[in-house]
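J.: According to Swiss-Prot, the feature substrate binding site maps to N239, M268, Y297, H333, S353, R354, G355, D394, G395, L396, R397, E433, Y460. Here Swiss-Prot flags H437, H501 as Zn(2+) binding site, drawing on sequence analysis. The [4Fe-4S] cluster binding site annotation in Swiss-Prot covers C581, C584, C589.
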Amino acid sequence: MSATKLTRREQRAQAQHFIDTLEGSAFPNSKRIYITATQPGVRVPMREIQLSPTLIGGSKEQPQYEENEAIPVYDTSGPYGDPQIAINVQQGLAKLRQPWIDARGDTEELTVRSSDYTKARLADDGLDELRFSGVLTPKRAKAGRRVTQLHYARQGIITPEMEFIAIRENMGRERIRSEVLRHQHPGMSFGARLPENITAEFVRDEVAAGRAIIPANINHPESEPMIIGRNFLVKVNANIGNSAVTSSIEEEVEKLVWSTRWGADTVMDLSTGRYIHETREWILRNSPVPIGTVPIYQALEKVNGIAEDLTWEVFRDTLLEQAEQGVDYFTIHAGVLLRYVPMTAKRLTGIVSRGGSIMAKWCLSHHQENFLYQHFREICEICAAYDVSLSLGDGLRPGSIQDANDEAQFAELHTLGELTKIAWEYDVQVMIEGPGHVPMQMIRRNMTEELEHCHEAPFYTLGPLTTDIAPGYDHFTSGIGAAMIGWFGCAMLCYVTPKEHLGLPNKEDVKQGLITYKIAAHAADLAKGHPGAQIRDNAMSKARFEFRWEDQFNLALDPFTARAYHDETLPQESGKVAHFCSMCGPKFCSMKISQEVRDYAAAQTIEVGMADMSENFRARGGEIYLRKEEA
């Protein structure tokens, strides 16, 4: 943690400098590779970690080495991870999916924006300095057409997005030849079906069944296709966004790029402060990952923060505004029903979801049913026209472990299952949001309830936090629950940062939250038995046993921290080749001793073998050649 706290002016200047000097860059000793597909224009980016060779013998003067294979890994950084690509935040990213969208012939450009709010913002000359200069002309489905990946999947169509995902999910493991690296323990998948090889047809089938979603708004062509579903790699979401008291457009774009660098599969923009519309445009035009929002936050800003003044018309206009900007998924709190609100009265911590509390207050003040529930079919019609996925929000999630798994939480979950089937009628993709604060012994029930009542739609949870006693360390308390529920079948984990319950996260907090959750997601993939998940672990263990320090750093989720911790006590270059670390020193290193034991055992085997051969030679009378019948 920095000893000197930066002023707001300094924070903005630092963020601006980051944006102005941004270049594509790879992690240490890594390079960007692309795997091509059968469909034209499908090139899937991955990061390949280059490893040093293993010393296997020879002399000091003429050592003998054995090459180690490069390790391919999933890469969320988009163009920011490719040193060959010129980055210009002012222009935004290349529109990767635009040719695929255009080739389908089922969309049309809008001559005028559908949202009154968007029209007003575009007409305001005072916003010119804040506005992203290359605003896209939005597209919408042609009349009578649906443009969702779910619709295509149900029609039996394998889209370029699906083929891209199939290659990406396999993580290039077909390139690995070493049996040591390919070894993997059997997993326990709790009913998930994990194929040995993920094909584009498998992706299509999972999407068609509603078990997976591909968040890919037709107005966000910059995004690289990814999938959320329990039969795929567990994904991680990072939250960013300004508030009424802090953060700027520059800082939010910086956090976006930073998030994708550290492994965010999706990013949610939860801005609640000024210039929400403009901030979101900058984020979308520069995001290689899907972007989600909670539209009720901006709708509330439009009525000056007074929940009672919210209307369906204001909310509908907000949906159109965001859909035409390119938001890939909406969190909609349509399951907070009027009759469920009294169920929270005896809770220790009441309703802790911002969206849930807004809708609960509206329901009570008007004594009417939630207008999101009442107008849900109209919401689905909007989503179907742009391919916006729905993330059905858990507005009644528990905010403390005392309130976990209560009547209100599961009543809402069952309603979300009802809404899922309605959304599917419109070919709208759906995932379900989950808690929250849940002690370990109560976590699995959340997964089984969701699978049963929400028809196996992907589950997306915030943690859950497994204890409430650790403010400042809630990335740990929730990472434990995240690993567990990911193992049980949760498809995406929403990260928690060290600032949870305390304040708005900065760059370092974002990184800490993401690393914690990438660990949780990877641990879940290992436990489920996702094919190829153990390759990187095996490569790390091999490098560790062989004292290949540089490879250990480079294989780490965070190479920079691994190197820094090592160099705190052994900063010299000789420390990078030493057969010990500062924990045990040269005399007590268990791995060094293990190597010596292995070498000794091998030598003993040779010596015993030679003795046996000598005895056998003497027993045959010392003859060099044997007759054929004796051989």
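The backbone N, Cα and C atoms fix where each Cβ goes, glycine too.
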J.: Between the binding-site residues R397, H437, H501, where is the Cβ count within 10 Å the lowest?
T.: H501
J.: Can you tell which of N239, S353 has the most other C-beta atoms within 10 Å, given these are the binding-site residues?
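T.: Of the binding-site residues N239, S353, the most buried by Cβ count within 10 Å is S353.
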J.: Whole number in angstrom, please: the longest C-alpha to C-alpha distance across N239, M268, Y297, H333, S353, R354, G355, D394, G395, L396, R397, E433, Y460 for substrate.
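T.: The substrate-binding residues span at most 20 Å between Cα atoms.
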J.: Using the structure shown, find which entry in Y297, Y460 (the binding-site residues) has the sparsest Cβ neighbourhood within 10 Å.
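T.: Per-residue Cβ counts within 10 Å for the binding-site residues Y297, Y460 bottom out at Y297.
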J.: CB neighbours of G395 (substrate binding site) within 10 A?
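T.: There are 32 such Cβ atoms around G395 (substrate binding site).
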J.: State the three-class DSSP label for Y297 (substrate binding site), counting H, G and I as helix, E and B as strand, and everything else as coil.
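T.: In the DSSP reduction, Y297 (substrate binding site) maps to helix.
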J.: So for G355 (substrate binding site), how many other CB atoms are inside 10 Å of its CB?
T.: 22
J.: Could you give the Cα-Cα distance between R397 (substrate binding site) and H501 (Zn(2+) binding site), in whole Å?
T.: 15
J.: Rounded to a whole angstrom, what is the C-alpha distance between S353 (substrate binding site) and H501 (Zn(2+) binding site)?
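T.: Distance (Cα to Cα, whole Å): 12 Å.
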J.: Pop the Cα-Cα gap between H437 (Zn(2+) binding site) and N239 (substrate binding site) into the table, whole Å please.
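T.: Rounded to the nearest whole number, the Cα-Cα distance is 18 Å.
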J.: Can you tell me the three-state DSSP label for G395 (substrate binding site)?
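T.: DSSP call for G395 (substrate binding site): coil, neither helix nor strand.
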J.: In whole Å, how far does the CA atom of G395 (substrate binding site) lie from that of H501 (Zn(2+) binding site)?
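T.: Approximately 17 Å lies between the Cα of G395 (substrate binding site) and that of H501 (Zn(2+) binding site).
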J.: Going by Cα-Cα distance, pick out whichever of the binding-site residues Y297, G355, Y460 is nearest to H501 (Zn(2+) binding site).
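T.: Its closest listed neighbour, by Cα, is G355.
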J.: Expressed to the nearest Å, what is the distance separating Y297 (substrate binding site) and H437 (Zn(2+) binding site) at their Cα atoms?
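T.: Checking the Cα atoms of Y297 (substrate binding site) and H437 (Zn(2+) binding site) gives a distance of 22 Å.
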